[in-house]
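Contents: one structure, followed by commentary.
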Amino acid sequence: MPKIYIKKPLGGMVIRNRNAIKDVVITSSGIGEPSVYHALVVIFLEFFAWGLLTMPVISTLNQTFPDHTFLMNGLVMGIKGILSFLSAPLVGALSDIWGRKFFLLITVFFTCAPIPLMAINSWWFFAMISISGALAVTFSVVFAYVADVTTVEERSRAYGLVSATFAASLVISPALGALLMETYGDTLVAALATAIAVLDVFFILVAVPESLPEKIRPSSWGAPISWEQADPFSALRKVGSDQTILMQCVAVLLSYLPEAGQYSCIFVYLKLKMGFNSMEVAVFIAVVGTLSISVQVTLGYLMRVFGAKNTIILGLVLEMLQLLWYGLGSKSWMMWAAGILAALGSITYPAISAFVSIHSHPDRQGAVQGMVTGMRGLCNGLGPALFGVIFYLFNVDLNDDIMGKPDDSVQNENNKYTELIPGPPFAIGALMVILAILVAIYIPDKHNEIIVNRSSSEKKRASVDVQYEIECGNKSTSPLAPLMRSDSMAQL
């Protein structure tokens, strides 16, 4: 029997092969056909719920671990990130068999599972945050969903929209959460966040259509999964096979390691070290989030004007400057300057993803993107832990009694350094980004000839990273396909 290739799953579409005995029908169980907008709503609701808890979590963290706030924050987020890195490829592989919708439901549920525990027991709350990393990989499945429903040309813009939606969810939610916390207490905020999380789960159940074709149950659900598909280090072992990809991965490692650490602690740092109050932190998040949205939606224009490689370098330079401001700054206005630079520098990783897409053969998109995002996923685990340990080594740890004031009670050699460099991890991170800039400068910047001569048939709406081959009723996937799912850009 002739092979039938399904490259674009759409609800209700019938894909025919003239010589095939029967048609393959793709059905949808949500509202409308699967689209990027379904994924955007899922991301927005999930992180809006967590955004409400930004201030309550900082307060709870400081009360639970008053002597080692930054260290414990780094360890909690580090464990979560490492578990996410280890589980993301397996979740991606299973989603290729059981469908995106099911795993959107699972990942959103486990990401939001710790929320109600904040009002019950803080130790359970932070323990659950760490453990939830094993299945809290919503972005992995969301990027897979987006890849299913977009063309190659649309994908960079779609990924930018996902990142912008993530930023948009944090524009007003921290301020709203801070206001409710000061007025009604933490319990009401936790209850509201739980309700929004439940709404997100309900939206997935009712409104989100499946982006993959309906499975032939005996073969689909019983399809084997190879260790290569589930191995989180599979992509990393292939990094050295291509010099260009190797240099890109090194740049990602050097730049995203400090960025992941910064994401995990910056709000805690502003409140406990820089003396920001809850509302100031909320306003800070709103302003930076709004600027990030504006920058990311103009990514396509920036790449047309400056080129992909120069856009990456520009983003890295902005990241280096904002890390220096965070590390050396001791005044509120310096933190604001650093925040603005952070928003402008948010173009770095989407630009790297676009660069990889442009300079790679269509048949290697999944493997190449998997190598880069696998490196980034590893940073999501190591970055927070690294920052927490550095804060601990330099004795940058405060409690509510001395919030925003110098720590005069501890006399040791480290205090001499923190007087000059209030945020040592940020300063060390800036040095790492400088190395990333040097690496990025030498990345080859020429188009793959095969990409230039891409045939019109390859421009059809398709999921590049996953090609479904149905032959005699059996589906098989490339072992490298699920590696696209290993991105885990979301940090609490």
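Residue numbering: from 1, along the chain as shown.
Cβ from N, Cα, C; glycine included.
Lifted from TrEMBL, the feature list:
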DOMAIN    35-448  domain 'Major facilitator superfamily (MFS) profile'
TRANSMEM  36-58  transmembrane segment
TRANSMEM  70-90  transmembrane segment
TRANSMEM  102-119  transmembrane segment
TRANSMEM  125-146  transmembrane segment
TRANSMEM  158-181  transmembrane segment
TRANSMEM  187-208  transmembrane segment
TRANSMEM  245-269  transmembrane segment
TRANSMEM  281-303  transmembrane segment
TRANSMEM  310-328  transmembrane segment
TRANSMEM  334-356  transmembrane segment
TRANSMEM  377-394  transmembrane segment
TRANSMEM  426-444  transmembrane segment
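Just going by CB pairs under 8 A, the stretch in 70-90, 125-146, 245-269, 377-394 that sits most against the transmembrane segment (334-356) is 245-269. The transmembrane segment (36-58) is not in contact with the transmembrane segment (310-328), judged by fewer than 3 CB-CB distances under 8 Å for residue pairs 6 or more apart in sequence. The transmembrane segment (187-208) makes no contact with the transmembrane segment (426-444): fewer than 3 of their CB pairs lie within 8 A, with pairs spaced 6 or more apart in sequence. Remote same-chain residues near the transmembrane segment (426-444) are listed as 243-244, 247-248, 250-255, 257-259, 261-262, 309, 312-313, 316-317, 319-321, 323-324, 326-328, 387, 390 (criterion: CB distance under 8 Å, separation of at least six residues from the stretch ends). For the transmembrane segment (158-181), the residues of the chain that approach it from at least six positions outside its boundaries are 36, 39-40, 43-56, 59, 139, 142-143, 146, 150, 188-189, 192-193, 267, 278-279, 281-283, 285-286, 289-290, 292-293, 296-297, 299-300, 346, 349-350, 353, 489-490, judged by C-beta separation under 8 angstroms. Mean pLDDT for the domain 'Major facilitator superfamily (MFS) profile' (35-448) in this predicted model: 81.
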